[in-house]
Amino acid sequence: MDVGSCSVGNNPLAQLHKHTQQNKSLQFNQKNNGRLNESPLQGTNKPGISEAFISNVNAISQENMANMQRFINGEPLIDDKRRMEIGPSSGRLPPFSNVHSLQTSANPTQIKGVNDISHWSQEFQGSNSIQNRNADTGNSEKAWQRGSTTASSRFQYPNTMMNNYAYASMNSLSGSRLQSPAFMNQQQSGRSKEGVNEQEQQPWTDQFEKLEKEVSENLDINDEIEKEENVSEVEQNKPETVEKEEGVYGDQYQSDFQEVWDSIHKDAEEVLPSELVNDDLNLGEDYLKYLGGRVNGNIEYAFQSNNEYFNNPNAYKIGCLLMENGAKLSEAALAFEAAVKEKPDHVDAWLRLGLVQTQNEKELNGISALEECLKLDPKNLEAMKTLAISYINEGYDMSAFTMLDKWAETKYPEIWSRIKQQDDKFQKEKGFTHIDMNAHITKQFLQLANNLSTIDPEIQLCLGLLFYTKDDFDKTIDCFESALRVNPNDELMWNRLGASLANSNRSEEAIQAYHRALQLKPSFVRARYNLAVSSMNIGCFKEAAGYLLSVLSMHEVNTNNKKGDVGSLLNTYNDTVIETLKRVFIAMNRDDLLQEVKPGMDLKRFKGEFSF
């Protein structure tokens with residue numbers, strides 16, 4: 001039922017007419033073999049009759065229904081200004097079955113009856129009293145059309161009368177005042193009366209005034225209307241000085257906002273090297289907002305306090321040897337941490353530290369290290385490429401787009417400059433969206449690839465990343481496979497291919513790609529973690545647990561021939577791995593193992609059951 005049809009300011013005959021038709025149908029059925037349960041909608045197409053209301057017969061008294069019947073049969077009409085339209089409305093709502101096409105009605109005629117009631121809303125919505133209250137009811141018809149369960153915060157009464165019949169289309173309906181206490185009392189009193197004597201009824205006008213007064217007293221509608229009218233008058237009579245004051249406050253707010261924004265932009269320029277925020281990129285202030293958001297939220301690299309390589313002048317060389325010999329990435333990271341502690345401007349140490357941490361499933365530390373590298377060497381291609389990937393992994397897509405732009409400008413300055421000159425219209429526009437930025441950068445990289453005589457696997461990587469950010473995994477897979485045809489022994493690319501296959505719901509193929517990456521680099525922690533996730537997706541939980549335990553074991557390091565602060569390592573950086581392991585044990589119904597999973601746990605507890 002439309003919310004507007006409940007208003008006392010509109011024609012109260014509408015409610016009486018609906019219920020009188022219901023009672024008339026029931027009386028007709030009583031005369032025909034007493035078939036009280038037969039629906040009046042069966043075999044009829046009368047508008048305005050709803051089977052949904054049959055469950056609530058005698059919603060008003062028999063006395064009022066008889067009077068209403070006299071009116072319908074040709075008794076004197078009330079004034080034309082309050083006349084209701086008996087014919088069907090042309091502005092009828094679409095059938096509920098069209099709104100919720102995935103649900104099937106158990107009784108189509110019942111749903112049709114519910115729909116037929118909606119023709120009353122067109123008359124009631126034309127009333128001035130309702131139009132003056134459109135803040136509460138103006139969107140009620142739209143709410144019905146989209147299957148909303150709430151029409152107005154002021155009219156949220158449960159309509160239990162409708163629920164039993166419209167369940168196939170809507171779970172519940174709100175916005176009806178038919179179940180307010182006043183009407184509930186009328187329903188109960190109406191059931192006790194059997195006969196109707198038309199000659200003993202009061203005049204029609206007295207009945208309507210009585211009904212309207214009763215509803216107004218119980219629901220306080222008149223008070224609400226008066227309050228809203230008073231508020232409207234106050235707003236119309238508001239002095240001009242108040243409006244001027246509001247304008248002054250608005251200007252002050254704008255001034256304060258601009259001051260804060262300029263401060264944020266200045267902070268971004270101080271943190272990043274000038275090459276990353278200068279006007280050469282010409283990407284507009286809106287983009288710098290996205291990039292600045294990442295920069296302003298940047299955290300310093302979190303060093304491990306217990307590090308045996310501190311004060312070792314050969315820490316960088318030791319780290320390189322550990323990586324070349326396939327040692328644990330966590331141990332190599334400690335060596336590089338010691339190297340940058342010893343020499344904070346060591347560009348290669350920061351770069352390798354960032355590469356190690358991103359492969360070691362410690363993304364945030366990797367991002368911090370790579371950003372430090374770019375501060376020292378803004379044109380470091382490897383740092384820019386890896387940082388763009390990490391930004392995408394962490395959801396900083398806009399920052400990744402700018403990093404890819406800077407990477408292409410650095411590696412192919414002449415070609416990239418020519419491409420950007422041909423398409424500088426976009427660069428001068430402001431207010432572009434994430435999708436626009438993606439499409440623009442992708443178009444430029446495609447032009448760059450077409451200008452090269454041979455396939456550059458790094459260009460294919462960048463294109464794959466751009467397609468990845470808009471969930472176009474098929475094109476992402478094509479790009480990564482093209483790169484692997486040029487360099488088939490790139491374990492990082494095999495891992496990226498596996499991630500794309502996994503996101504395409506091709507877990508079996510993803511597992512093969514991860515295995516290939518681990519064959520090329522057994523210490524590749526991220527590939528091992530991704531392998532565990534894909535194993536979970538196909539229900540191989542025991543194998544997944546083994547891979548996750550391997551990841552945790554590879555984060556353990558020995559310091560001074562003693563176990564290091566493994567618990568701190570796990571608790572600080574490997575919460576994701578621990579939580580994933582918990583989910584695996586839950587899926588296996590192994591509460592005994594679940595209780596053992598915590599930071600600093602002894603992995604030997606799991607050796608007997610899992611292979612890692």
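Every residue number used here counts from 1 along the chain in the order it is shown.
Just so it is clear, glycine is given a Cβ too, placed from its N, Cα and C backbone atoms.
Scan Swiss-Prot for phosphoserine across Ser61, Ser216, Ser305, Ser500 and the hit is Ser61. Checking the candidates Lys24, Lys227, Lys362, Lys428 against Swiss-Prot, the annotation ubiquitin cross-link falls on Lys24. What Swiss-Prot records as ubiquitin cross-link, among Lys18, Lys112, Lys213, is residue Lys18. Checking Swiss-Prot for region 'Amphipathic helix 4 (AH4)' across the ranges 257-273, 274-290, 444-460 points to 257-273.
When the residues Cys6, Cys479 are compared with Swiss-Prot, the one annotated as ubiquitin cross-link is Cys6. Annotated range for region 'Amphipathic helix 3 (AH3)' in Swiss-Prot, selecting from 158-174, 311-327, 379-395, 515-531: 158-174. Mean pLDDT for the region 'Amphipathic helix 2 (AH2)' (70-104) in the predicted structure: 39. Taking Cβ pairs closer than 8 Å, the repeat 'TPR 6' (457-490) reaches residues 385, 388-389, 392, 397, 400-401, 404, 407-408, 411, 435, 438, 441-442, 445-446, 448-449, 496-497, 500-501, 503-504, 520 in its own chain, all 6 or more past its ends.
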